Amino acid sequence: MNSTLFSRVENYSVHYNVSENSPFLAFENDDCHLPLAVIFTLALAYGAVIILGVSGNLALIIIILKQKEMRNVTNILIVNLSFSDLLVAVMCLPFTFVYTLMDHWVFGETMCKLNPFVQCVSITVSIFSLVLIAVERHQLIINPRGWRPNNRHAYIGITVIWVLAVASSLPFVIYQILTDEPFQNVSLAAFKDKYVCFDKFPSDSHRLSYTTLLLVLQYFGPLCFIFICYFKIYIRLKRRNNMMDKIRDSKYRSSETKRINVMLLSIVVAFAVCWLPLTIFNTVFDWNHQIIATCNHNLLFLLCHLTAMISTCVNPIFYGFLNKNFQRDLQFFFNFCDFRSRDDDYETIAMSTMHTDVSKTSLKQASPVAFKKISMNDNEKI
């Protein structure tokens, strides 16, 4: 999924018609020029995503780390997710935007290799953090009396994720090159000592095998797994809610269950929607790049890439800012006030501390008062 974050210029045979005073490449056809209004709009959009992604994830990390009572399994995973999203916002957005517009690399050979490597690592860490959160919620809702992950398990899982992410991203370090090959036949002085950065695998089959592996590893595989977990959680919560409705008055029906279900569905939908355009673009480009018109390549890529990067802003909202505690602490964060420990009035944003040790038998035997207490305790802790 991360395979074409940079344009593979070696696949294009283009003729340049450029001004010596312009740092931007233009194709021979004037229709290939991106209007300044489009460039300006894209720059504003990328800037907004960078600001929101950095500030949102940074605030989320600081708030969780500041509060000892919030250091449960899910929040540990959320910090890991936010950190990886923070890396994407810093290492992915600005470099990719500038390079795509300029069509030549100005950040040096080290960054040429490091940038796609860090991007691939960050994306892999992000998706597998979502997988671990789905696993934890699945265990605590579907099998509350069974194995429960603790903080130690969370740290082990995070370590495994980072090792897997680094290992799966190493080909970018090995095969990413910095070369002036596309500019060797350009006589204009403006393009002297200009370089491009792209991946050059031993063969097309090697490249397609690797990019297909990333497609499964970073998108389809995790997404299917997450969907299954949350679907089972949704069914269990709905069934539990229906069982409680049979013996309690309708006025006790909690809206929190609906909020949880909507949040769970939104998590999956947001990830799938944000990454789907770039996934399709990368897949088409990898297998038959000629389908994409040369003039439309950069614009299509930037739009797809920008949509994917919006996920770095969405995750803090779903996992943090919809929670009342984060909203309160966020005010302290932006007002530069000290955080106060509130053991009594804190709610836990995740399902990791839910007291759900209730079987069908106990539900059937419980009284209406007990049902109200059980259901409200569960929902208030989410």
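Here the Cβ of each residue, glycine as well, is placed from N, Cα and C on the backbone.
The model shown is predicted, which means the values in this text are computed figures rather than measured ones.
Here Swiss-Prot flags 1-33 (among others) as topological domain 'Extracellular', drawing on sequence analysis.
Per Swiss-Prot, N-linked glycosylation site is recorded for ASN2 (among others), and the stated evidence type is sequence analysis.
For ASN11 (among others), the entry in Swiss-Prot reads N-linked glycosylation site, with the evidence type sequence analysis.
What Swiss-Prot records for ASN17 (among others) is N-linked glycosylation site, and it gives sequence analysis as the kind of evidence.
The annotation transmembrane segment is assigned in Swiss-Prot to 34-54 (among others).
Remark: secondary structure over the topological domain 'Cytoplasmic' (55-75) totals 18 helix, 0 strand, 3 coil, with classes taken from DSSP. Annotation comment: Swiss-Prot describes 55-75 (among others) as topological domain 'Cytoplasmic'.
Sequence annotations record features per position, and here Swiss-Prot assigns transmembrane segment to 76-96 (among others). With a cut-off of 8 Å between Cβ atoms, the residues of this chain six or more beyond the transmembrane segment (76-96) that come close are 5-6, 46, 49-50, 53-54, 57-58, 60-61, 64-65, 107, 111, 115, 118-119, 121-123, 125-126, 129-130, 132-133, 136, 151, 154-155, 157-158, 161, 305, 309, 311-312, 315-316, 319-320, 349-350.
Annotation comment: Swiss-Prot describes 97-115 (among others) as topological domain 'Extracellular'. When averaged over the topological domain 'Extracellular' (97-115), pLDDT in the model lands at 87.
Annotation source Swiss-Prot lists disulfide bond at CYS112-CYS197, citing sequence analysis. Shown in sequence order, TRP105, GLN176, ILE177, LEU178, CYS197 are the residues of the chain, 6+ apart in sequence, with a C-beta less than 8 angstroms from the C-beta of CYS112 (disulfide bond).
The feature transmembrane segment is assigned by Swiss-Prot to 116-136 (among others), with sequence analysis given as support.
The feature topological domain 'Cytoplasmic' is assigned by Swiss-Prot to 137-153 (among others). For the topological domain 'Cytoplasmic' (137-153), DSSP puts the residue distribution at 9 helix, 0 strand, 8 coil.
Per Swiss-Prot, the feature transmembrane segment maps to 154-174 (among others); the stated evidence is sequence analysis.
Residues annotated as topological domain 'Extracellular' in Swiss-Prot, with sequence analysis given as evidence: 175-210 (among others).
Taken from Swiss-Prot, the feature transmembrane segment applies to 211-231 (among others).
Annotation source Swiss-Prot lists topological domain 'Cytoplasmic' at 232-259 (among others).
The annotation transmembrane segment is assigned in Swiss-Prot to 260-280 (among others) on the grounds of sequence analysis. Listed by sequence, the residues of this chain that lie at least six past the ends of the transmembrane segment (260-280) yet keep a Cβ under 8 A from its Cβ atoms are 1, 127, 130, 137, 215, 219, 223, 226-227, 230, 233-234, 237-238, 303-305, 307-311, 314-315, 318-319, 322, 379, 382.
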Secondary structure content, the topological domain 'Extracellular' (281-298) (per DSSP, counts of residues): 16 helix, 0 strand, 2 coil
The transmembrane segment (211-231) vs the transmembrane segment (116-136): 3 or more CB pairs under 8 Å: yes
Selected stretch (most C-beta pairs under 8 A with the transmembrane segment (34-54)) from 116-136, 154-174, 299-319: 299-319
